[in-house]
Structures are given as C-alpha cells and as structure tokens.
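The feature NAD(+) binding site is assigned by Swiss-Prot to 79-91, 291-303. Taken from Swiss-Prot, the feature substrate binding site applies to R98, R108, R137, D226, supported by similarity to another entry. Taken from Swiss-Prot, the feature site 'Important for catalysis' covers Y144, K193, and the record attributes it to similarity to another entry. Annotation source Swiss-Prot lists Mg(2+) binding site at D226, D251, D255, citing similarity to another entry.
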Amino acid sequence: MATHNIVVFGGDHCGPEVVLEAIKVLKAIETNSPSAGKFNLQNHLLGGASIDKHNDPLTDEALNAAKAADAVLLGAIGGPEWGTSSTVRPEQGLLKLRKELGTYGNLRPCNFASESLVDSSPLKAEVCRGTDFIVVRELTGGIYFGDRTEDDGSGYACDTEPYSRAEIVRIARLAGFLALAKNPPAKVWSLDKANVLATSRLWRKTVTDVISKEFPQLQLEHQLIDSAAMLLVKNPRALNGVVITSNLFGDIISDEASVIPGSIGLLPSASLGGIPDGKGKCNGIYEPIHGSAPDISGKGIVNPVGTILSVAMMLRYSLNLPKEADAVEAAVKAAIDNGTKTKDLGGNATTSDMGNAVVAELEKILKA
C-alpha cells in the first residue's frame with residue numbers, strides 16, 4: 001500500500017481553519033478508499049507564523065521536508081502585522097518555497113463548482129454559464145525576475161522582461177499535456193502581446209512549435225492579452241479549454257477570471273514543478289487562491305471549498321489518484337447542490353459545516 005508524504009503549511013489567520021477541513025477529506029479517502037493508500041501528513045510553519053516563532057518565514061527544516069514530500073498543501077499566508085515595511089515578510093517564505101521546488105507552472109481553474117452558483121457571478125447567467133477553462137501561468141520567468149532599476153530620485157525606473165525558449169517550451173508542454181488529458185482534448189489558447197513585445201513574439205513562435213510538433217492533435221489559437229481580457233467579460237466561454245500565458249499576463253488574467261464563479265473562496269490552485277504524467281515525481285504546491293482573510297478568520301465563516309478542491313488537484317496531479325480527485329469534486333458539487341453554503345455564497349453554514357457536508361457526500365460516493 002502506497003504512503004503519500006504531504007507537507008502541510010496551515011499558514012496564517014484563516015489558513016489553518018481551511019486546511020483542517022481539507023485534512024478531513026484526506027482522512028475520509030484513507031478510510032473509504034483503501035486502494036488510495038495512506039497520507040502521511042507533516043505539519044510545518046510558513047509565513048507569519050514561522051516568523052513569529054523562528055524569525056524566518058521558511059526554515060531549512062520546513063523547506064527540506066517540502067522538497068522530500070510528494071506534495072505540499074498550503075492554507076494562506078500573510079497579514080497586516082507583517083507589513084511591507086518589515087524586512088522579513090511572510091511572502092518571502094512562499095517565494096523561496098516556489099523557487100526551491102522549481103514550480104514553474106501555476107494552474108488556476110475557472111469554472112462553477114455547482115451549477116447552482118451561476119447566479120452568484122457578477123456576470124449575467126446567460127453570459128457565464130458553461131465557463132470552464134484553466135489558466136496555466138508561467139511562474140518563474142518574465143518581468144518579475146528580470147533586471148530592474150529603482151528610482152534613485154532621478155524620476156526614472158525600469159523593469160525588464162527576459163524569457164528563454166527553454167522556459168517557454170516547458171510551460172507549453174505542460175499546457176499541451178493538460179489539454180490532451182481532457183476528454184475530448186481541449187483547445188489551447190495562448191495569450192501574448194506579440195504585436196508589440198519581442199518576448200511575446202518569441203513566446204508565440206515557441207508555443208506554436210511545441211504544440212504543432214508534440215501535440216498535433218490539439219487546436220491552438222493565439223489571442224492578444226488585451227483582447228482576451230475583454231473577451232473574458234463579454235463571453236468567457238469562448239476561452240474554454242487551456243489558457244497559457246506569461247507570468248505578468250497570467251497574474252492579471254487569472255485574477256480577472258477568479259471573480260466569474262462568484263466567490264474567491266471557491267477556487268483552488270496548483271503550482272507544479274513537472275509534467276503530471278504518472279511516470280515520475282511531480283511535486284506541487286496546492287492552495288486556495290484567497291488570502292489569509294484576517295478580518296474574518298477565527299469566526300468560523302471562511303469558505304473551505306477552495307482548499308478542498310486544491311486537495312482534488314493534488315490527488316490528480318501529484319499523487320496520481322484521479323478517481324479520488326473526481327470523487328472530491330463531485331462531493332463538493334453535491335454538498336452545494338443540497339444547500340450547504342457558507343456566508344460568501346449567501347448561506348449560513350460554518351467552515352466546519354461545509355467541510356463536514358463535503359465529507360458526508362464523499363463517503364457516499366466512495367462507498368457506492
């Protein structure tokens with residue numbers, strides 16, 4: 001029987017609350033799906049909690065555990081008490097973790113966990129119904145990692161966006177793999193600014209080469225990022241499939257997409273350091289897209305669904321347990337369809353109520 005080693009970072013404020021519900025889901029799988037194996041959970045501090053105890057947002061011990069693990073589950077980090085004026089900040093720990101694990105691809109799905117949530121979207125139901133795409137953002141290159149010149153009082157500053165062909169090739173391969181894994185295979189949308197930027201022209205050429213040569217059965221379409229941003233509001237279904245883009249553009253477009261399903265508390269994410277083809281280790285960092293929410297933490301009202309669905313992504317991509325991943329997603333849908341909703345969705349369920357409802361549905365599915 002397989003043992004899956006998972007490092008758990010509860011993080012700060014609401015982070016430990018939502019992670020607790022996600023762990024309930026893993027325990028339910030362990031009990032009701034023996035073939036899935038055992039989950040060896042190792043708890044460590046990250047972010048502000050680690051700063052408070054160790055004056056370090058990510059200790060060597062925690063980092064080494066994460067490197068050795070099969071996957072990392074994270075709640076949320078940060079808070080006003082560790083502000084931007086501090087020399088040691090929670091975000092430094094997460095950036096170091098991503099760098100050391102080599103997680104070059106960030107995945108953010110944009111879909112509705114339940115059809116009943118369509119009316120929660122800021123977009124009209126007839127516009128957003130059926131939206132189902134995943135943004136694959138290049139995470140370790142581009143303008144965030146380029147040379148920069150700070151304003152020294154002269155009134156001039158500069159940021160540069162470097163990209164190499166190798167960096168683009170590996171993210172294009174990840175997008176191609178994810179698109180091909182869909183049934184039927186999904187369309188690939190590549191977003192750039194090739195009419196202006198040299199890096200975008202290299203991006204477009206490289207993505208075209210990779211998809212046409214390595215994934216010839218896939219349909220690829222290029223879209224300028226500004227046009228895609230408009231399309232995302234006007235007709236988000238048009239982008240259904242796999243959306244691949246650079247670090248900066250992905251940061252912006254994935255945040256724009258996150259409002260479509262109605263609550264950021266619903267949305268998961270994965271940051272992967274390889275291709276999840278089951279042929280080798282594919283470590284990843286799995287976390288909800290929301291922040292640590294210090295204003296509502298400790299009140300039992302935070303929505304844990306984004307973290308629970310992050311567990312589903314972990315099961316699918318790092319632990320090679322697709323049946324259990326599907327079961328978790330189906331359980332979330334059933335729980336919401338049956339009326340269990342947290343405050344952000346217009347309900348009155350507590351954080352633990354939501355987690356318990358998902359677990360109850362999951363047990364039914366796994367026992368069927």
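Note: Cβ is positioned from N, Cα and C throughout, glycine not excepted.
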Candidates G79, G83, E91, D255, P294 (binding-site residues) with Cα within 10 Å of D226 (substrate binding site) = none
Residues that sit under 8 angstroms from V302 (NAD(+) binding site) by C-beta distance, when 6+ apart in the chain | C14, E17, V18, G265, A293, I296, T342, T351
Work out the three-state DSSP category of R108 (substrate binding site).
-> strand
Taking only the recorded positions G79, T87, Y144, which one has a CA atom nearest to the CA atom of R108 (substrate binding site)?
-> Y144
At the Cα level, what's the spacing in Å between Y144 (site 'Important for catalysis') and R137 (substrate binding site), rounded?
-> 13
Cβ neighbour count (within 10 Å, all chains shown) around D255 (Mg(2+) binding site) | 13
Could you work out which of the binding-site residues (G79, G83) has its C-beta surrounded by the smallest number of other C-beta atoms within 10 A?
-> G83
Rounded inter-Cα distance in Å - R137 (substrate binding site), G298 (NAD(+) binding site) = 32
State the count of C-beta atoms found within 10 angstroms of the C-beta of G298 (NAD(+) binding site), not counting that atom itself.
-> 12
Based on Cα distances to R98 (substrate binding site), point out the closest of the binding-site residues G79, G83, T87, D251, D255.
-> D251
In sequence order, what residues of the same chain, 6+ apart, have a Cβ less than 8 Å from the Cβ of P294 (NAD(+) binding site)?
-> D12, H13, C14, G79, P80
By the 10 Å Cβ-neighbour count, the most surrounded of the recorded positions R98, R108, R137, K193 is R137
Sort D255 (Mg(2+) binding site) into helix, strand or coil using the DSSP assignment.
-> helix
Starting from the Cβ centroid of D226, D251, D255, which together make up the recorded Mg(2+) site, report each further residue of the same chain whose Cβ lies within 8 Å of that point, ordered by sequence.
-> I225, A229, L248, F249, G250, I252, I253, S254, E256
